[in-house]
Amino acid sequence: MSTSPFNSRVAPMPHDDATAPVLHYAHDAAGAHDAADAAGAHDAADAAGTPPCAASRTARLRSLDAAHVWHPFTQMRDWMGSEPCIIDAADGNHLIDTDGNRYLDGVSSLWTNVHGHRHPHIDEAIRRQLDRVAHSTLLGLGGTPSIELAARLTAIAPAGLTRVFYSDSGSTAVEAALKIAFQYHRQAPEGDARRTRVMAFSNAYHGDTIGSVSLGGMSLFHGIYGPLLFDPVRAPAPHCYRCPADLRPETCGMACLGEVERLMRHHGHELCAVVVEPLVQGAAGMLVQPRGWLRGLRDLCDRHGVFMVADEVAVGFGKTGTMFACEQEGVVPDMLCLAKGITGGYLPLAATLVTEHIHDGFLGGYADFRTFFHGHTYTGNALACAAALASLDVFEEERTLETLRPRIERLATLLAPLNDLPHVGDIRRVGVMTGIELVADRETRTPYRPEERIGHRVTLEARRRGVIVRPLGDVMVLMPPLSITETELETLVHTVRGAIIAVTEHGADGGLWTKRPDGPDNPDKANTPDTPDGARTGETVV
């Protein structure tokens, strides 16, 4: 048994007061439990030949949603007892609900939207593609948009990544990389059949398929599936605010990388891949790696002959300030996983880029069976690839990365005063990716109790004020579209600041507690789930 200290569990301007003007966004239980009445009212309006008013339409949609839709990462008991925001339209960097309320999209629709909603160039590219073909399989056929996109992606990716394997989500991009690394070593002339294991990191999140969940290091999300999963070599990821070894970043000499080196010495001969989120572990609460850590990991992979898989699903396409996060440390991975922002946030598409060396390991005669027997029905979908090509056009024509730099600097300036708030423990940021960790006591870094649901309440309070954000436990995540203006940045940060003050200093709940026909006024206090220590950063908001 190792005695390494890293074996311990990692614990996971205007209107900045509690009386700020808010949207009239109610949170009671009536609409979600009267499906028949709401649907009947809608039918009666239809029968009378008059359109239902916006309120009736919203009530009907909420009722249907509560009756039929199972939302991801959402406790449906809470959801069905609320009146959720139903998004009906969008415009630029704003979302619009069925009642006509506008909300600034502060998390780019779960980290996907790049250039704003309804960008005319991307809209038109999809319309043009619709006039040709919406989808055609890549099994045995080529497709114009997927061919053009592969050429564009390899041209902008780190040098040496020459081949593109398409899929449809971040999870499947990582899953493909896992199977490629494993199969390569089972069949390639230069492969090593002993290399059957994968190194992954604490607090990692790589998706929701069984392979990607096996890599995950978040017990709240992944623990229950333990019997289904393979066992990776688990290495410590940097967590400077809550270092499990109780070290300080200015004096530790990157001890966590030293622990990775120790594990590599012991397990390197059996590893086919190391999978890492470069620069930032997003779903862990925007945990930022110290400068040089990623470069050091690349060097260790080279030394031990292990493929480095860079999961840039969350950080790719400009969110860290460069097209790809790896660029910031001069790192070229052996495989690069892309999704989310690849289509500008329009349509599901993913890609796994690999080197020519890896691709060559799958070449052989028909009877050699070195084929990569893997793929998805909608792989390389024509509409999605057309959107991705148009998004890359916008990057070039609008000089997105160049014009983003002053707004990144402005974001840093706007965030600085939040360090003075008594319940802000840590602010972590790379590019526009920002995590604001809220704590009960900043001196001791004591987290809030899970049943207080501080991050959830701040999110709802911000929504009442017209801004959409989504927490990771008690870490408030800001990740706006790259098209956000300086004025909108000010609105985003000032609104979140006001919501934090309202909740942590004045007790606002954002309309969280609701009177339910089948339960107490505050169901969370009556029915608080057991949350594993160190997993609180996994809690998300309905």
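Placement of Cβ uses the backbone N, Cα and C atoms for every residue, glycine included.
According to Swiss-Prot, the protein carries these features:
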- Gly170, Ser171, Asp311: pyridoxal 5'-phosphate binding site (BINDING)
- Tyr205, Lys340, Gly375, Arg470: substrate binding site (BINDING)
- Lys340: N6-(pyridoxal phosphate)lysine (MOD_RES)
- 509-542: region 'Disordered' (REGION)
- 515-524: compositional bias 'Basic and acidic residues' (COMPBIAS)
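Features as recorded by Swiss-Prot, highlighted on the structure.
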| residue | record | CB count, 10 Å |
| --- | --- | --- |
| Gly170 | pyridoxal 5'-phosphate binding site | 27 |
| Ser171 | pyridoxal 5'-phosphate binding site | 21 |
| Tyr205 | substrate binding site | 25 |
| Asp311 | pyridoxal 5'-phosphate binding site | 32 |
| Lys340 | substrate binding site | 28 |
| Gly375 | substrate binding site | 16 |
| Arg470 | substrate binding site | 22 |
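Each residue in Ser169, Thr172, Ala173, Val174, Glu175, His206, Gly207, Ser212, Val313, Cys337, Ala339, Ala350 lies on the same chain as Gly170, Ser171, Asp311 and has a C-beta within 8 Å of the C-beta centroid of that pyridoxal 5'-phosphate site, without being one of the site residues. Secondary structure at Gly375 (substrate binding site), as computed by DSSP, is coil. Between Ser171 (pyridoxal 5'-phosphate binding site) and Gly375 (substrate binding site), the C-alpha separation comes to 13 Å. Residues listed for substrate, Tyr205, Lys340, Gly375, Arg470, cover a largest CA to CA span of 32 Å. Within 10 Å of Asp311 (pyridoxal 5'-phosphate binding site), counting CA to CA, the binding-site residues Lys340, Gly375, Arg470 contribute nothing.
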